[in-house]
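Quick notes on the structure that follows.
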Amino acid sequence: MSHGSTPHPLTAGQAGPLAGTIRVPGDKSISHRALMFGALAVGRTTVTGLLESEDVLATANAMRAVGATIEKQADGSYTIDGIGLGSLLEPESVIDFGNAGTGVRLTMGILGTHDIAATFVGDASLSKRPMGRVFDPLRQMGTNVIARSGDRLPASIRGARQPLPITYRVPVPSAQVKSAVLLAGLNAPGETTVIEPIATRDHTEKMLAGFGAEISVTLNEAGERVIRLKGQPELKPQDLEVPGDPSSAAFPIVAALIVPGSDVTVENILLNEHRTGLITTLIEMGADIEILNERSAGGERVGDIHVRHSKLKGITVPPNRAPSMIDEYPVLAVAAAFAEGDTHMPGVEELRVKESDRLAAVARGLEANGIPCIEAEDALTVKGGANAIGGGTVVTHLDHRIAMSFLVLGLASGKPVTVDDGAVIATSFPTFTSLFAELGATISGSESEAA
Ligand code: S3P
């Protein structure tokens, strides 16, 4: 599960026009939650389109470790035979979440109000990420936590015997923190309330309602989202279909925008309003993007995204848009390198605590490829329109989105771009290089795809 022992460098060079219609794998956020909520329901949940990436498979193993039976069926769907909220078993060994922040933080929420003990580890990237943001509310609910340096993995928790429902104002815009508190609230008596000053992706709220929980979302006088969850519901198994991940679709979308002559359609993409910030931003930059065949599937807006090569111009991205495109800033920085003028991205301090310090990793990657940029503590400005870009080697720091973003850069830059480790792409998008090959791009060293 952990990367780093055998890095697989990958190189992308200038591509001819990208053309074709593709589907990217299922949404990572929804896939994690489908496995978790399936495990908490009593009976059989069926999931089609589950993302089969290392992160999601780590969550599947975690749910097996607490008693769920999860199997892949001959037709490619997954079945989850849930053990039921309140009945989870104590895992027999340490749970290894690899690179998966969503997996570990949400699972700590679930287990934090079950009367069992568990120990969590992760790879070198996950072990650097702050966990205090989840431990703080869990402690208020009665969970005992012991963690390296107070808020890092490895960490052990002893779930609350008598969990307390709390009212919690999320101090940073984070769907993971919000979700961890709500999932802990599932097994607490009474009402757990989460106040979210800045809205983040709402998959937990929507999917919990779909599984039969009593959950409401209102806005208070200050315009903050107030989410109220009634504890100890009986969750009912569901049949779920996971739409394509907009955060994965971002790579072929940006590639099509910057490779001259390209015309690409990415089908069946989740268009949840809390996930479409990149599309909005690219359209403001002048991108030729159309949403086709818009429909509703499983309570979510889904559509096909048609993109053509476009002349882009730099803009300032409104900081309040950050949560709806938080994972897309690295690839936006690549699009910005091809825009005319500066693209300014303020209010993005959360990027420093992702799979890597993404502000620093993106800035160093741009510089290595001759693209001027200004890195501030909480902002990045990319200076577009530089000549003779490319030719650099980018350090990925075990960050899948850094690896994919800079390979996209290589497809349109003057000289090829190398990333020091492409194996990390398997975290979220195992078919990345083969889908790009379908569009006509060659990313070499692709033996690492199976890694
Ligand atoms: C996610 C929330 C976001 C995002 C991550 C997935 C989720 O993290 O970056 O890739 O599924 O809830 P934060 O909550 O830390 O912003």
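Just so you know, the numbers here start at 1 and follow the chain as drawn.
Each residue, glycine too, has its Cβ placed from N, Cα and C.
Predicted automatically and left uncurated, TrEMBL annotations should be read as such.
The active site, proton acceptor annotation in TrEMBL covers ASP327. Taken residue by residue with DSSP, ASP327 (active site, proton acceptor) is part of a helix.
In three-state terms derived from DSSP, SER174 (3-phosphoshikimate binding site) belongs to neither a helical nor a strand segment and is classed as coil. Within the same chain, residues at least six positions away from SER174 (3-phosphoshikimate binding site) with a Cβ under 8 Å of its Cβ are ARG133, THR200, GLU350. Positions annotated as 3-phosphoshikimate binding site by TrEMBL: LYS28, SER29, ARG33, SER174, GLN176, ASP327, LYS354.
Marked as phosphoenolpyruvate binding site by TrEMBL: LYS28, GLY101, ARG129, GLN176, ARG358, ARG401. In sequence order, LEU51, SER53, ASP55, VAL56, THR102, ASP245, SER247, SER248, SER428 make up the list of same-chain residues 6 or more apart from LYS28 (3-phosphoshikimate binding site) whose Cβ falls under 8 Å from its Cβ.
Per TrEMBL, the feature domain 'Enolpyruvate transferase' maps to 16-433.
When the C-alpha distances from ARG129 (phosphoenolpyruvate binding site) to the recorded positions SER29, ARG33, GLN176, ASP327, LYS354 are tabulated, the minimum falls on LYS354. Among the recorded positions listed (SER29, ARG129, SER174, ASP327), SER29, SER174, ASP327 have a CB atom closer than 6 Å to some atom of ligand 1, in sequence order.
Close to ARG401 (phosphoenolpyruvate binding site) in the fold, though at least 6 residues off in sequence, lie SER247, ASP327, PRO330, VAL331, LYS354, GLU355, ARG358, SER428, each with a CB less than 8 Å from its CB.
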